[in-house]
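Colleague: Below: one structure in structure tokens.
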Amino acid sequence: MELFRADLHIHSRFSRATSKKLTLRLLAAWAQAKGLDVIATGDFTHPEWMAEIEEYLEPDGSGLYVLKDQNGLGEQLPFLDGAPLAGNTRFMLCTEISSIYKKAGKVRKNHNLVFMPSIEMAKNFSARLAQVGNLESDGRPILGLDAKNLLEMVLETGPNAFLVPAHIWTPWFSLFGSKSGFDSMEECFGDLSSEIFALETGLSSDPDMNWLWSALDRYTLISNSDAHSGEKLGRESNLFQGEKSYDGIYHALRGEALGHRFLGTVEFFPEEGKYHLDGHRKCGIVMDPAETRAHGGICPVCGKPLTVGVLNRVQELADRELPEQPAGHPGFQSLFPLPELVSEVLGVGPTSKKVKAFHGRLLARLGSEMDILQHVPFEDIAKISRPLAEGVRRMRQGHVLRQSGFDGQYGVISAFSPLEREEMQRGASLIAMPAKKAPLVHPVPQSEPAAPAPAEAEAKPVAAQPEKEKTPCIAAQSKVQEAPRSRYNVAQQSAIDAGPEPVLVIAGPGTGKTHTLMGRLNRLLSDGVKPRQILTLTFTRRAADELQQRLVEMRGENEVLPRADTLHAIAFECWEELNGEAPVILSEENALRVFAEANPDFSGRELRSLWQRLGLARERMELGPELLDASQNYSRVKDSWNLVDYTDLLEFWLQQMESGSWANPYLHVLVDEVQDLSALQLRLVTALAKQEGEGFFAIGDPDQSIYSFRGAQGRVRSQLKELWPSLRVITLEDNYRSAQSILDLAHPALPGSPALHARVPKDGEVRLFSAPTAGREAQWIGERVRELVGSTSHTISDAGEGACMSPGDIAILVRFKALIEPLRRLLDRFGLPCAVPEAEAFWTEPRVDVILATAGRSLGINPAMPGEEREFIDVPDKVLMDGPVALEAYLQDSQPFDRLFWESSAFRKLKKAYDEQGGWLGLVNWVNMQTELDLVRSRAQKIQIMTLHAAKGLEFEAVFLPALEQGILPFAGVGTLTGNANSREMPTDEDEERRLFYVGLTRAKSRLYLSHSASRMVYGHELRLKPTAFLKPLPEHLLKRSHVVSKTVRQTKQLNLLG
């Protein structure tokens, strides 16, 4: 029976990041040079590639395909210098599908290979798949399709069509990946799991690693190149015995002995794979699994979760101490590509002309690359090159030097040490290594500290290990280890260790504020402070949730953790505890409505101005006599209806603390974003601390204080110093976000701000564009964005090379929401995906949700997940079926409803949607559909268009700041811009506006785009404004300017860009 090699996972030039030279003839030529008999077509779902498959291939009668014209294939590979190619490459119809979807409460991203026995079946499958998503934009289409549903579609297409999960351990896009994978086959494919019979192990694992987990024993483990160019073909492949045919391969993979057998794989050394170990490539950190566990999975440099590699994930799921090869399963052989070995021998790069020429001579004299690596006798190779023969011998015996790959960076496998390579260049002979095979799975040391990865790609010498008694897998050893202290810079460590005196940490943008805060929490817990004695206060509920999640990641899910919450949440609990019932809290909208009813003498802009001034006065604890009557009227109405607003909660809690009615259980109070606190909130957090401030730790940046309209003061340093003279102030000045050029640009924009120093070396670029109109400005932004995501502009003379960013790396930040819509329309016209802030959906209002749940239950639509308890309203079916208006009349003020709810915008929208959708059935189904669409939209990476205030705390690779005009930034107010200025409007706080500009500048990591225009339409008025004065202090040498001027050509006014 004949033996043949097959590489069953490759790509065409229509997939992203692939060689644009890839054609079927080139792939066939490379396959013959490599020694492959069967290769996948790849990407058959792409219409253009399928058209080429039909044009250049023909069936060979076995379910496989061959070239219609085999002549002249050697010309595809010039380095062969006319040497003939042997063999007849067969193609197997295959494509890879990327699925991104949510399952079991988690977003899943996995890749699957789909095989079809005929072009007709492949086209039928693609036609169905096209109903799910776009197949034309990428050879490997990205679909929001559950992998189980994909498998179902494959099986329904026809007999012997099958699916193989691809590179099953890759962190981000695989069946078992650490980032988005499952813990079992059944979790992913459910009752169709039995239809999976083969798994692709991927470049970063080999069968030995997979044999640590008994759950995989029943599957055939295959390996393929996942080649994106002809040169990469065959770097992993499969060996079969039997007739070359589609059915033969299918039955061999199923283990059905019908004259065909699967004989094993040729593998990468797994350490060479891009995701073998854990780490952060950008931070230069690489760790073995034990070190990762010791650090709680957090990068010691940036404080973000590490990219957990394949070895770690395998060990996490493993149930064996040592690999056990299942009975009847074939073995494998680890090799690395011949050009890499030739490169070592010649001392030049593997893609150099010298290596290519030598490679061509080897193929001409000794046969295919796989034959040379696996079978050609050493003495035959030695006739051409003795060092090469020694390198092949070492590789076949597993005696190689290994530097493991991590976080997308390939590892390096070497046959020779650096010293040996130097000696080879001098002509010295080599000493042969002992002919003992090193173990293929190496236990990793647990005692060495994490170290940055070498800056150079050269492998770190690792002595080959003689065969010895095997050490049990790390996964089988105890996971309870004392976590070493993470890495912090000097200032961060000083902040973490400071005390017992009160501590204020001034943390500028990108200086590791949250990382330092987490370090302080970890230090307190490690020092034995009880979790219930520690309180961390955050500015928003979202920040509290993120902090809580970081605590879980740092300390473990089973640990008792300190509380992280907002002031309002704790004040709510205090009210409930002391009053015996929870308060009814007014939303911002309803609070204004109650205030208006309480003060009927005011209306319109005057009412809103009075409301804003009262809110500020209460937060600043400066309630003057001019506001006293309005405040008392408001309080009386609230009291009569038993209602409270958010400020009431804080005022009540402060009263209870100062009177001693509320017992403070906290010894350590940590405050995040301290600069955003109002006087009332600052009074609360200092009241929580001990008398001399012992145990108080606050962190923030007064230079980013941008919420004075909510009462924030920003002068927190002087206020705390006045309260506690012993206050220790520590400033963080090392920035881990932005390029130094961006930091140098931002520094003079805010006089008095500390000079920040970039700790992550990167190139930065700042552009400033002047446009005659807002439309031209928007077009410039669109073309720059298109460059960043990989397109090339041919219409603007200052177009640079694209940075190939993802849309999610880019943000456009504006001063107020009215500036968003024109930019959104422009990006839509450019075909660029973007996201803008949307009003909260009316069905998320809790009482609307209860109404919809009740309507759904009456229709037989279960609105609850299994095990979830839902609240319903007690209402007769007839009333319910008459719609929202009937509900309002029937329920009136019965809890949880009240008059304010029936007058709210959420209920008005509910009534409107009920009418538009034709009743409850249409409405409930529509809301469910909108919810699903929201999930789909939330998964998509899009360019973010948002206000500067909303961007605080965020970071993006590229940031655009448009509309930098005097009156817009600094904002002069709606009245001033529209010519309807009101003396009661709050005056512009220019210092805060300057801080807001500083916040915008410092969101950018590497690209910053500033722009302004001579005219624009805002609030229905055409404005002609000068560039903002905030641009004047920016250093000219850091700006790359461009602008539009007009000129007349043949009496036609045209616009040309100069820059």
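Each Cβ is built from the backbone N, Cα and C atoms, and glycine gets one as well.
What TrEMBL lists as region 'Disordered' is 441-472. The compositional bias 'Low complexity' annotation in TrEMBL covers 443-465. Feature annotation from TrEMBL assigns domain 'UvrD-like helicase ATP-binding' to 486-739. The ATP binding site annotation in TrEMBL covers Ala507, Gly508, Pro509, Gly510, Thr511, Gly512, Lys513, Thr514.
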Colleague: Sort out the sequence-distant neighbours of Pro509 (ATP binding site) for me: same chain, 6+ apart, CB within less than 8 Å of its CB, listed by position.
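Modeller: Residues satisfying the criterion: Asp701, Gln704, Asn735, Arg737, Ser738, Ala746, Leu756, Val999, Thr1002, Arg1003.
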Colleague: Could you list the residues of the same chain, at least six apart in sequence, whose Cβ is under 8 A from the Cβ of Thr511 (ATP binding site)?
Modeller: Leu732, Glu733, Asp734, Asn735, Tyr736, Leu756
Colleague: Using the centroid of the Cβ atoms of Ala507, Gly508, Pro509, Gly510, Thr511, Gly512, Lys513, Thr514 as reference, list every other same-chain residue with Cβ within 8 Å of it (recorded ATP site), in sequence order.
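Modeller: For the ATP site, the extra neighbours are Thr516, Asp701, Leu732, Asn735, Tyr736, Arg737.
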Colleague: I want to check the contact list for Ala507 (ATP binding site): same chain, sequence separation of six or more, C-beta distance under 8 angstroms. What comes out?
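Modeller: Expected: Lys513, Thr516, Ile699, Gly700, Asp701, Leu732.
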Colleague: Which residue, out of the binding-site residues Gly508, Gly510, shows the minimum number of other Cβ atoms inside 10 Å of its Cβ in this structure?
Modeller: Gly510
Colleague: Where among the binding-site residues Gly512, Thr514 do you find the Cβ with the fewest other Cβ atoms within 10 Å?
Modeller: Thr514
Colleague: Can you count the other CB atoms that lie within 10 A of the CB of Lys513 (ATP binding site)?
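Modeller: So the Cβ neighbour count for Lys513 (ATP binding site) comes to 24.
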Colleague: Three states by DSSP: which one describes Gly512 (ATP binding site)?
Modeller: coil
Colleague: Should Ala507 (ATP binding site) be counted as helix, strand, or coil on the basis of DSSP?
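Modeller: Assignment for Ala507 (ATP binding site) reads strand.
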Colleague: Across the whole of the domain 'UvrD-like helicase ATP-binding' (486-739), what does the mean pLDDT come to? Round it, please.
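Modeller: PLDDT averaged over the stretch: 87.
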